[in-house]
Amino acid sequence: MPADLSPIDKAKFVAAKRAVEFVESGMKLGLGTGSTAAWMVRCLAERIREEGLKVQGVPTSTRTAELAQQLGVPVVSLDEAKWLDLTIDGADEIDPMLNLIKGGGAALLQEKIVATASDQMIVIADAAKEVAQLGAFPLPVEVIPFGWQTTKALIEETLVSLDVLNRDVTLRMNGDAPLVTDEANYIIDLHLKRIGNPRQLAMVLNQIPGVVENGLFIDICDIVVIGHGDGRVQVRDINAGSTSDERIEFAPADNIFADSDD
Ligand SMILES: O=C(CO)[C@H](O)[C@H](O)COP(=O)(O)O
């Protein structure tokens, strides 16, 4: 492991490295977005270079598409791939049922479409992402720009009707302007502190006109790989009901880390 990585990056790296061991030649893969997913793309590129692994990747953002192309991971659109064997992605929060909050990187819409179009979803993360209950991380909701203030008011009304106590709702900004997603939408962040019933909230939010998608991933993730800065990983499989403690030993070429500032 390159000595100058921070413990958090080492944790993300070992999680990514372990998850990429699930990839087999011939697979069609969903490629997630974010700093942890970027390690996964690098580890995948390393296997392609060193083992001649043959895969096709469907990126979940322009950022990931650029990184994959830069590192020689073959990229196709979801329409070309149609259905995927496996998606590997990061998350902002993971609860004990492997339900997730995603969208911290504003890519939740493509991430959810891609993960849902996959036989299996593996989430990779450092241990700080594991929570007893979702909600400390602001829940991203992607909305269309047309009438976004009305949509925001409807979201607030919905939270009142659900008796949600903490319901600060903010438009995500990029400097002085609203942040614009890859699909040309806005993100509204719901600062809820805790989400009592994530399944209900996910369904109700998506009924609001103007809401495109929310960042709650319910019953989508199959396996979580949690990395630690000392090389330990835990692999939790919700379907098998199993958790294994492992250690990643590796000596990657340092140049696989030199590609981006993600
Ligand atoms: O959902 C996401 C992007 O929309 C990311 O997977 C999530 O924000 C985690 O990012 P990171 O690995 O950088 O902590």
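The first residue you see is number 1, and the count goes up from there.
Backbone N, Cα and C define each Cβ position, glycine as well.
The substrate binding site annotation in TrEMBL covers THR33, GLY34, SER35, THR36, ASP89, GLY90, ALA91, ASP92, LYS102, GLY103, GLY104, GLY105, LYS129. Annotation source TrEMBL lists active site, proton acceptor at GLU111.
Cα to Cα, LYS102 (substrate binding site) and GLU111 (active site, proton acceptor) are separated by 8 Å. Within the set THR33, GLY34, SER35, THR36, ASP89, GLY90, ALA91, ASP92, LYS102, GLY103, GLY104, GLY105, LYS129 that the record links to substrate, no two Cα atoms are more than 15 Å apart, and one pair reaches that distance. Across the structure, GLU111 (active site, proton acceptor) and ALA91 (substrate binding site) place their CA atoms 10 angstrom apart. Around the Cβ of SER35 (substrate binding site), a 10 Å sphere holds 17 further Cβ atoms from the protein chains shown. Mapped onto three states, the DSSP output places ASP89 (substrate binding site) in strand. Listed in sequence order, the binding-site residues among SER35, LYS102, GLY104, LYS129 whose CB lies under 6 angstroms from an atom of ligand 1 come out as SER35, LYS102, GLY104. Taking the binding-site residues LYS102, LYS129 in turn and counting surrounding C-beta atoms within 10 angstroms, the largest count is reached at LYS102.
Remark: GLY104 (substrate binding site) has GLY34, ASP92, PHE137, PRO140 as non-local neighbours, by Cβ distance under 8 Å and separation of at least 6 in sequence. The substrate site, placed at the center of the C-beta atoms of THR33, GLY34, SER35, THR36, ASP89, GLY90, ALA91, ASP92, LYS102, GLY103, GLY104, GLY105, LYS129, has further neighbours from the same chain whose C-beta lies within 8 angstroms: GLY32, ALA37, ALA107, GLU111, ALA125.
For ALA91 (substrate binding site), the same-chain residues 6+ apart in sequence whose C-beta sits under 8 angstroms from its C-beta are LEU100, ILE101, LYS102, VAL123, ALA125, LYS129, PHE217, CYS221. Taken residue by residue with DSSP, SER35 (substrate binding site) is part of a helix.
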